[in-house]
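Here is what Swiss-Prot says about this protein:
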type     : residues             : note
ACT_SITE : Glu269               : active site, proton donor/acceptor
BINDING  : His71, Glu74, His178 : Zn(2+) binding site
COMPBIAS : 117-126              : compositional bias 'Basic and acidic residues'
DISULFID : Cys227-Cys272        : disulfide bond
DOMAIN   : 9-299                : domain 'Peptidase M14'
CARBOHYD : Asn133               : N-linked glycosylation site
CARBOHYD : Asn318               : N-linked glycosylation site
CARBOHYD : Asn374               : N-linked glycosylation site
REGION   : 112-137              : region 'Disordered'
Amino acid sequence: QAVQPVDFRHHHFSDMEIFLRRYANEYPSITRLYSVGKSVELRELYVMEISDNPGIHEAGEPEFKYIGNMHGNEVVGRELLLNLIEYLCKNFGTDPEVTDLVQSTRIHIMPSMNPDGYEKSQEGDRGGTVGRNNSNNYDLNRNFPDQFFQVTDPPQPETLAVMSWLKTYPFVLSANLHGGSLVVNYPFDDDEQGIAIYSKSPDDAVFQQLALSYSKENKKMYQGSPCKDLYPTEYFPHGITNGAQWYNVPGGMQDWNYLNTNCFEVTIELGCVKYPKAEELPKYWEQNRRSLLQFIKQVHRGIWGFVLDATDGRGILNATISVADINHPVTTYKDGDYWRLLVQGTYKVTASARGYDPVTKTVEVDSKGGVQVNFTLSRT
């Protein structure tokens, strides 16, 4: 029987810092606490890495991240991520599911991307905006470079810190935790006209599967009519939605991930109330515990492997993996390792690198898990 978290309360910055340091100190063999930068008011943007080899990228092991509290008054994600840290630490080595997850995945958890906004927000805020923005009063989820619109707000320190973090690690999968509705929102988040229509990414099928992997473990979310009292007409079949079809978000973080890194990110709305009372928090953990774990497991779906040099057998960095008919190549990391999320099907996959002859393989992906596909390239 897995041990459940007990620390259910709202953690202000100093409490969160104490919590993170405590778990980093108590579980040094599976944790590493680091910061990716500072907020406007110079609070650390902490990340807890949970892995069986903290601080090290293991060749072939995918990297995963959760980001919470990007909007400072949307606090459920922040607390769930602290619960998740506690849960993973306390169950590693005893619970087989947690042990397997931590041994096979390098997990990075950022409980708060907007610690300044959080300090301004108020417990009991249902649908307000106080504390949503950062200290310079900019919305961080409208602050990333956008494919369709020129973002005119100056780039914020929190945004820049996260962008450089995303360029530092080979993240494969991510979720950005928000509040104010109950749905998993997937790319694209906007479209050329800036109107509410379905804006399909090349990996629409993958994103739908990822979104469903979360929503179907959350009974209330999966039912699809989340906030009857606040938004009576809102209906999301199976608790998922294309971002732009719901409403336009130019400058959002999830699309930037997909368009500028190898990482697939979705945005998860965890509940209709943005800052619920502390006594509600155990209920949110209960509703989302399975979803949070199932979503991490999705990082192992699709294909993964190595692109190697035929002469010396070394990994080739920055080789390109492209899948026929899906316009979204991914690149290899320093050991020549790559991960490409895909749904069930048959694919033609090509590995190419500068100065080498490309190699194409036909690959069968089943519904269960990941298939290892290695490529050996010869110099031209």
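Every residue, even glycine, has its Cβ placed from backbone N, Cα and C.
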Worksheet item: In this predicted model, what is the average pLDDT of the domain 'Peptidase M14' (9-299)?
Response: 96
Worksheet item: Using DSSP, what's the helix, strand and coil tally for the region 'Disordered' (112-137)?
Response: 6 helix, 0 strand, 20 coil
Worksheet item: In Å, rounded, how far does the Cα of His71 (Zn(2+) binding site) sit from the Cα of Cys227 (disulfide bond)?
Response: 19
Worksheet entry | Site with most surrounding Cβ atoms, counting all protein chains shown within 10 Å, from the glycosylation sites Asn133, Asn318 | Asn133
Worksheet item: Taking the mean position of the Cβ atoms of His71, Glu74, His178 as the Zn(2+) site, which residues outside that list, in the same chain, have a Cβ no more than 8 Å away, listed in sequence order?
Response: Asn69, Met70, Gly72, Asn73, Gly77, Arg132, Asn141, Leu177, Gly179, Gly180, Glu269, Lys274
Fill in: Nearest-integer angstrom distance between the alpha carbons (Cα) of Glu74 (Zn(2+) binding site) and Glu269 (active site, proton donor/acceptor)
9
Discussion item. For His178 (Zn(2+) binding site), which of the three DSSP-derived states applies: helix, strand, or coil?
Written reply: strand
Worksheet entry | For Cys272 (disulfide bond): intrachain residues, at least 6 apart, with Cβ closer than 8 Å | Arg126, Gly127, Gly179, Gly180, Ser181, Leu182, Pro226, Cys227, Asp229, Leu230
Fill in: Proximal residue to the residue listed as 'active site, proton donor/acceptor' among recorded positions Asn133, His178, Asn318, Asn374 (C-alpha distance)
His178
Worksheet item: What count of other C-beta atoms do you get within 10 angstroms of the C-beta of Cys227 (disulfide bond), across all chains shown?
Response: 18
Worksheet, complete the sentence: The rounded CA-CA distance in Å from His178 (Zn(2+) binding site) to Asn133 (N-linked glycosylation site) is 13
